[in-house]
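One structure below.
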Amino acid sequence: MSITTDPAPMAGLLAPDDLPAAQQPTWPDAAALQSAVATLATYPPLVFAGECDVLKTRMAAAARGEAFVLQGGDCAETFAGASADNIKNRVKTILQMAAVLTYGASVPVVKVGRMAGQYAKPRSSDVETRDGVTLPAYRGDMVNDYDFSAPSREPDPQRLVRGYHASSATLNLVRAFTTGGFADLRYVHDWNKGFVSNAANARYEKIARDIDKAMKFMAACGADFEAMKTTEFFAAHEALLLDYERPLVRTDSRTGELYSTSAHFLWVGERTRDLAGAHIDFVSRIRNPIGVKVSAGADVDDLLRMIDALDPTREPGRLTFITRMGAGRIREALPSIVEKVTASGAQVTWVCDPMHGNTFSSASGYKTRDFEDVVDEVRGFFEVHQGLGTVPGGIHVELTGNDVTECIGGSEKILDADLANNYESLCDPRLNHQQSLELAFLVAEMLSRD
Ligand SMILES: O=C[C@H](O)[C@H](O)COP(=O)(O)O
Ligand SMILES: C=C(OP(=O)(O)O)C(=O)O
Ligand SMILES: [Mn+2]
């Protein structure tokens, strides 16, 4: 593994001032911003270039149908939420989902957390009005505070530095969990402990028993379990806040190439994927595996130009299209996009985000999603790819390991009236632990039929 510590040539190269950058905060104090950016530029990398290259090979395998990508985590991480319990529950949930998928569909699962950097949010509106008072919108903990007061909502560049430290602490714990024995497949039962018992847990227990049995059988046959003691786990977030991302780019000492060291995988969101904009320009300059969100309204010629800009050499695993079309539109909108992209010879990894096209405001006023729509969009995704003979490479889900009530439906039958019970998200509604496991069981069935 290479250590990438050389500061990137920042001037000019990574910060062309002339490109429009959507969804950036208006920092009130230019000198304070300069100082925060300069501080970030001196910090050590959070991830290494060699790890990003490994993830690229995993994404390439998923594009060929030899692996399946599971990306999951909060819509918006918060500094206060970066606690040991929250992080552990999220990691356990992803490990459980991966076990269900691997066991159910006999396919390796590439585990990627929306974690350790998912602190900035694009918003539909720059402002929020409550009881006649209008303030800047909350843009994530790396920009401002959710509390509804003028000082809290003012963007504070010191939050970029806090974001780095929170990401570093989170990633440290994730690495400890996934390489320090906790992710050992022989402890597959333990990942279920501490969660309230429910139908999905019970179903998981059954799979865990089967895995246990298989492991004991293999142990009796003299199998070597060394490789099962740890698991690969990658970090990802939206490359939104350029004042955070640019100073964390480093030169890989092996190759002289530039890498983002803020995460293994970065994606550009639906609201910032302007071909002529600063975000696409930024990710075109780094060598990490990258993603772009694609809505039902995406123009396919735009996407083809994007492929040329981001993956001119057609490098396997380099580019992922994360489609987020909505359950009602995916079956009509996705086929022509996949067809034309495939016909162009490009080899992108197709991942389904069944969350962002299915958000609505409930009668009680909460932003929510119906579990049925989430499942239906994934089903549509599989149907389209099966119909075209292309590869459904993974899913990208907003989830938490906690017992929240943010999305309606699922076998617990969460209703609109239940949303108030435990709605914690500061941005979009997440699947709770049980809904996440249920989704994994359903996707395992779709995958094994594929
Ligand atoms: O997570 C995605 C976006 O940031 C989010 O959906 C925007 O939400 P808004 O429409 O409430 O601004
Ligand atoms: C902002 C997000 O999604 P999108 O860009 O697809 O709207 C997100 O993933 O939280
Ligand atoms: Mn979101």
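Even glycines carry a Cβ here, placed using N, Cα and C.
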According to TrEMBL, C75, H356, E398 bind Mn(2+); so which of D53, D376, D428 is the extra one listed there?
D428
Checking your reading of the structure: which of the binding-site residues R114, E270, R271, R324 lie inside a 10 Å Cα sphere centred on C75 (Mn(2+) binding site)?
R114
Check the binding-site residues E270, E398, D428 for other C-beta atoms within 10 angstroms of each C-beta and report the one with the most.
E398
Out of these binding-site residues, R271, R324, H356, which one has the fewest other C-beta atoms within 10 Å of its own C-beta?
R271
When you measure from each Cβ to the nearest atom of ligand 3, which of the binding-site residues C75, K293, D428 fall under 6 angstroms?
C75, D428
Of the binding-site residues H356, E398, D428, which sits closest to R114 (phosphoenolpyruvate binding site) by Cα distance?
E398
For the binding-site residues R114, H356, E398, which sit with their CB under 6 angstroms from an atom of ligand 2?
H356
Around the recorded Mn(2+) site, report the further residues of that chain (criterion: Cβ within 8 Å of the mean position of the Cβ atoms of C75, H356, E398, D428; site residues excluded), sequence-ordered.
M355, T359, S425, C427, P429, R430
I need the least crowded one of these binding-site residues (R114, K293), counting other C-beta atoms within 10 angstroms of each C-beta.
K293
